[in-house]
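**Student:** Structure incoming, see below.
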Amino acid sequence: MTKEFHHVTVLLHETIDMLDVKPDGIYVDATLGGAGHSEYLLSKLSEKGHLYAFDQDQNAIDNAQKRLAPYIEKGMVTFIKDNFRHLQARLREAGVQEIDGICYDLGVSSPQLDQRERGFSYKKDAPLDMRMNQDASLTAYEVVNHYDYHDLVRIFFKYGEDKFSKQIARKIEQAREVKPIETTTELAEIIKSAKPAKELKKKGHPAKQIFQAIRIEVNDELGAADESIQQAMDMLALDGRISVITFHSLEDRLTKQLFKEASTVEVPKGLPFIPDDLKPKMELVARKPILPSAEELEANNRSHSAKLRVARKIHK
């Protein structure tokens, strides 16, 4: 049975309006989720335009088929159930050589967080899972119970940026020697027990960063985003645009770096002109990230950490 997707879209108008949508264009929503961005983008297209929507979660696609039904009936939407790291290959299979714009809403979606059984939330007791793609083999249970101490420390530092990574990894190691760690609540309590009392008084849940780290590892989120964004920039037509929403510093740092590399050029000083093959292929549409308005922040608590970066294709 399909579970309803209740998802408040973040930076809805900013993300799509910044794409400067052409009514007859070909567009991609790389992270379908609750289909809010897709629905608004489709409202700007004529019947000659087309949207390709990616999601590896069948539940998201099932719900989007209801929400976007009027556009589906007009033949304006193609759903692709796959990880967006396969963006270029899947679009080529569909006969698409270039696109006019693409948007990303990175990270875990609200419905995935809210569905207890998915095991993403440290606030709800559930089996350790955290897979965005339910067909994938690696789960949070595998990471927590089978990764050795050094690998746990590595992912906690790298993806969670938690200064107590070593202490937490050691506590996990000790706990699983007694019995496997099976639920989100068990893990959250172990993490909590590894932190000093003064840390527990700080704002925010003590398990937040570690849960983020495990989720990123399970889904290879940063690796997939890196590959996909580069493919997207390659596939953009001239004047095509890419919008990327991020929710934590690791995603934002990655996006900023990819855009910087694509929009700058390293040439010797005094060179009279820049050869075509060295010209930057992108330019930043906004120098600084676009943040949610005060109204949105008040209406949607989950928008607080959101940042939007936008770039435009200027050279093939």
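Counting begins at 1 with the first residue displayed.
Glycine is treated like the rest: Cβ placed from N, Cα and C.
The S-adenosyl-L-methionine binding site feature in Swiss-Prot is assigned to A35, G36, H37, D55, F84, D105, Q112; the stated evidence is sequence analysis.
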**Student:** So if I draw a 10 Å sphere around the Cβ of F84 (S-adenosyl-L-methionine binding site), how many other Cβ atoms end up inside it?
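**Tutor:** The answer is 25 other Cβ atoms.
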**Student:** What whole-number distance in angstrom separates the two most remote CA atoms of the S-adenosyl-L-methionine-binding residues A35, G36, H37, D55, F84, D105, Q112?
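**Tutor:** Value for the max Cα separation, rounded to a whole number: 18 Å.
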